[in-house]
Amino acid sequence: MQLSVWTYEGPPHIGAMRIATAMRDVHYVLHAPQGDTYADLLFTMIERRDRRPPVTYTTFQARDLGGDTADLLQSAVRAAYDRFQPQAMLVGASCTAELIQDDPGGLAQALKLPIPVIPLELPAYQRKENWGASETFYRIVRALAASSANGSPRRPREAGARPVCNLLGPTALGFRHRDDLAEVTRQVVELGIEINVVAPWNATPADLARLPQADFNIVLYPEIAATAAQWLQRQFGQPSTRTIPIGVTATREFIAEVAALAGVDASPVLARSESRLPWYSRSVDSTYLTGKRVFIFGDATHAVAAARVATQELGFEVVGLGTYAREFAREIREAAAIYGVEPVITDDYLEVEARVSELRPELVLGTQMERHIAKRLGIPCAVISAPCHVQDFPARYSPQMGFEGANVLFDTWVHPLMMGLEEHLLGMFREDHEFADHAPSHLGAAPARPSEAVRSAEPAAVAVSSAALSWATDAERELTKIPFFVRGKARRNTERFARERNVNLITLETLYDAKAHFGR
Amino acid sequence: MTIHAQACAVPSTSSPDGVLRQRGQREVFCGLTGIVWLHRKIQDAFFLVVGSRTCAHLIQSAAGVMIFAEPRFATAIMEERDLAGLVDANDELDRIVAQLLARRPDIKLLFLVGSCPSEVIKLDLSRAALRLSQRFAPGVRVLNYSGSGIETTFTQGEDACLASLVPVLPVADRASGPSLLVVGALADVVEDQFRRIFVSLGIDQVAFLPPRRSSELPAIGLETRVLLAQPFLGDTARALEERGCRRIAAPFPLGGEGTALWLAAAADAFGVSRAHVDRTLAPLQARAERALARYRAQLAGRRVFLFPDSQIEIPLARFLAREIGMELVEVGTPYLHREHLASELKLLPQGVLLSEGQDVERQLDRCRAARPDLVVCGLGLANPLEAEGLTTKWSIELIFTPIQGFEQAGDLAELFARPLLRQTRLAV
């Protein structure tokens, strides 16, 4: 068992629902107990969809377990087919149904419906949401694309014909998938490339059958679409993109990569496309952002992209980088090596919390779950990745990708930080009754003070890490004069400095010696 | 996609009592959802679900929009090795509880909450609770109940939670005389109002279950009379009756009339004179009626369709019909407790279609065919029905809002008037 205060991903059948809900004319029959229909709310409330997800649940109850749950499943499949008349059907089990082992896929196929019925094997006690989405997308692509082209190699494009691509990855309940898709589509169209199929977003099974007709694939979210894209490459020789266009530099590289795959000239597009981020970031108002210590956590794609933007485009210092997606641990390890930090690869919220607490960053870029951590520790925070809640499915255009995405990133990440003038004044005058050091005034009601529990836990934590260390009263008092957002780091550095020199009592002198030693 | 609706749904089972009983897909929450409000009511309690990632995902999808520095619920997620028997599930549970209590020394009451997976593999959480209680006594009490979807629907999670508290309630001192126990989580403000009214009726010994803190568990005994504040407390009532408490039959305290009847039933049981009851309640009921008049003007004659959700539907329908003048198209309930709802059923208008259980697709067909003015339904259906041009009132809010008592009667009506008012306001 694993103690999970918050979970970064849902179970794998939620991933399958994200594929089914993103598509049209697909229906998903899910063998699941009463209550698992809560998942509909993810789509109708969090994403605010105006239709019910195309999912029929068997919703068995305790009294059904004594009877024939297999029959229940078959009648649900038949009723769903009769009512919704989909072009293809997905059939699978949720975690509880997995325990009763009815073999939903086999039972559904035995009904011999006149449409493709795709069984899903999603091990709910081993795998999670993104894996479920990826596996479902792969299975559905495989089932529908293979039959149409019979595995024959793709015909080379005729001279003069426009290059054609597929856009793979955007799903229902994806973090900013809607607007990323619009942004990337605009970019691709500007390059003079035709889009064959976008999937799974709004695609029908018939659309998936046309996937082999493209020259190459653009993979927006590897967590969802890499497996399917690899299969398409093996089967039809379609190469796919690797660059994720988040941030200005990555977007430029992405455009170059797409252009190369399509055999077109990227330079006109690169010449006219610009983001406001570079100038905003170079303007003197942003100077104080230099070296801000940032902790980054999320799915690997967004975390790696964010680390690059943070360091190269905003001038932050990455002090921690991690992901909850073990499938993408390698990508995070490689990136962490670039920034010289220890990668955090865990789906344990408490472990992430412990790491943030230890590193004391000035900004956390994470998921909805890191907002809980940041509130507890009183650190500014912005969301860069799923899991996210209703406020991260905004009405306004807010991509993460492309040049407009970079504009959004600049605003979003800088917003929770205390603004420059206030930060300076707080560093100078510490007894103001209105402006407190933990509460940026431009946020109105600002991040809460670290809770009582944390404050009382803090000295204990210090005592554990530094058994023989103590602080002289005047040094402790001096520490409170250091601005709030760097105080944790100053405390850590001073204690490290003292330990390395076998100093047991930290005095004013030790504090300033350590400051001279480490810099800010 | 075209939806091939059946032209006219035929009841699958029409029982002699006229209640439509259907089986099919049920679009309801499981009992785990009760944690979302119970963790706020009992402030020093912690709810540890023993289940799967699905269970963890459910609770955080519901409650995780709030940002918690210190959440009061978590899930012990079962993994492959727990199922394969590679590790002893009990050892694992002990380890996790120890980890949790070390992190949160402020917890005084820990609920181990069973889920579908833990019930299906028959993990004995009641024994685990006993064992852990002994280990962590006297600082922490560990209890167990099931919030699984296979056994409980939405508010039945509260029933199961409160029923698990009943055996540990202290025994009342016989000499202390008759006492009143009001059962069902109520908003703090509502609880305070009721306490004041009971005192003015001359009923001084009043306690509420659940209490706000685990240290304030009410004592019960043969002299305890139980007044249910919520209609979904079948198991809790039975457990209390097994300990010798006697239930006071009454309609539920929704609306001016319902609240007056509820309070009067308690007063009767305590031998308070009719005249004193009338003198005390009449001005309060009159004020509730004044508050309701405005909404009656807006809502009278409107047709309302209630999907099953919390078991509060029947008392609600009685209020909407009798005090607001709405017309009932269908009143769905996930479960109909005939005995506890007897006083309510008598007050319902004749010929109302009651349905117990659900086949959601066919119920939607009936709803679409009836084109009601207002649909009371869960959030999985609300936005899709709005997009079809129906006006909805999402039902979960009725569990999260102070709606009981005289002073909330107007607020309760307003919850139904608001979506209709919004329809008339929006010009886009």
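Even glycines carry a Cβ here, placed using N, Cα and C.
According to TrEMBL, the protein has these features:
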ACT_SITE  A:ASP285  active site, proton donor
BINDING   A:ASP36  [4Fe-4S] cluster binding site
BINDING   A:GLY420, A:LEU421  substrate binding site
DOMAIN    A:12-417  domain 'Nitrogenase/oxidoreductase component 1'
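Distance from the CA of A:ASP285 (active site, proton donor) to the CA of A:ASP36 ([4Fe-4S] cluster binding site) is 50 Å. The recorded positions in question are A:ASP36, A:ASP285, and the one with the fewest Cβ neighbours inside 10 Å is A:ASP285. In this model, the domain 'Nitrogenase/oxidoreductase component 1' (A:12-417) carries an average pLDDT of 94. According to DSSP, A:ASP285 (active site, proton donor) is assigned to a helical segment.
In three-state terms derived from DSSP, A:ASP36 ([4Fe-4S] cluster binding site) belongs to a helical segment.
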